[in-house]
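Features reported for this protein in Swiss-Prot:
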- Ala1: N-acetylalanine (MOD_RES)
- Cys22, Cys25, His26, Met88: heme c binding site (BINDING)
- Pro79: hydroxyproline (MOD_RES)
- Lys80: N6,N6,N6-trimethyllysine (MOD_RES)
- Lys94: N6,N6,N6-trimethyllysine (MOD_RES)
Amino acid sequence: ATFSZAPPGBZKAGQKIFKLKCAQCHTVEKGAGHKQGPNLNGLFGRQSGTAAGYSYSAANKNMAVVWZZBTLYDYLLNPKKYIPGTKMVFPGLKKPQDRADLIAYLKESTA
């Protein structure tokens with residue numbers, strides 16, 4: 001299923017998911033540093049592997065995907081399948097609602 005078929009995302013629910021599953025490795029605020037994973041500020045419309053100052057895997061750089069709702073929706077289902085060789089150890093979010101919620105939160109928090 002694609003993002004266009006996903007349920008509407010809930011930003012508040014997405015924030016909870018981010019805190020539980022993503023914040024250990026990622027920040028969203030402008031100017032916040034990289035952690036184990038890159039800072040996600042300005043994520044939408046950015047090509048994978050291009051946040052300045054973060055050491056990406058070759059796989060992430062070479063994938064050259066542009067992050068939008070639809071690409072994030074597919075990626076977050078199974079990151080290792082979407083970008084084989086990625087350093088991201090997160091197994092993914094299987095539930096469409098969880099992915100839609102997280103994307104709604106990221107859309108606001110990284111802008």
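For all residues, glycine too, the Cβ spot is worked out from N, Cα and C.
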_Let me check the 10 A CB neighbour count of Lys80 (N6,N6,N6-trimethyllysine). How many other CB atoms are there?_
14
*Just checking the binding-site residues Cys22, Cys25, His26, Met88: which sit within 10 A of Lys80 (N6,N6,N6-trimethyllysine), CA to CA?*
Met88
*Looking at Cβ-Cβ distances, which residues of the chain lie under 8 angstroms from His26 (heme c binding site) while being 6 or more apart from it?*
Phe18, Lys35, Gly37, Pro38, Asn39, Leu40
*Report the residues of the chain - excluding Cys22, Cys25, His26, Met88 - with C-beta within 8 Å of the mean position of the site's C-beta atoms, for the recorded heme c site, in sequence order.*
Lys21, Ala23, Gln24, Lys35, Gln36, Gly37, Leu40, Phe90
*List the Cα distance (Å, whole number) between Lys94 (N6,N6,N6-trimethyllysine) and Cys22 (heme c binding site).*
15
*Looking only at C-alpha atoms, tell me how far Ala1 (N-acetylalanine) is from the residue listed as 'hydroxyproline', rounded to the nearest Å.*
16
*binding-site residues Cys22, Cys25, Met88: which have a Cα within 10 Å of the residue listed as 'hydroxyproline'?*
Met88
*Specify the secondary structure state of Pro79 (hydroxyproline) as given by DSSP, simplified to three classes.*
helix
*Fewest other Cβ atoms within 10 Å: which of the recorded positions Ala1, Cys22, Cys25 wins that one? Let me know.*
Ala1
*Relative to the Cβ of Met88 (heme c binding site), which residues of the same chain, six or more apart in sequence, are found under 8 Å away?*
Cys25, Gly37, Pro79, Lys80
*Across the record's heme c-binding residues Cys22, Cys25, His26, Met88, the largest CA-CA distance in angstrom?*
11
_I want to verify one value. Collapsing DSSP to three states, which class is Cys22 (heme c binding site)?_
helix
*Sparsest-packed of the listed modified residues (Pro79, Lys94) - C-beta count within 10 angstroms*: Lys94
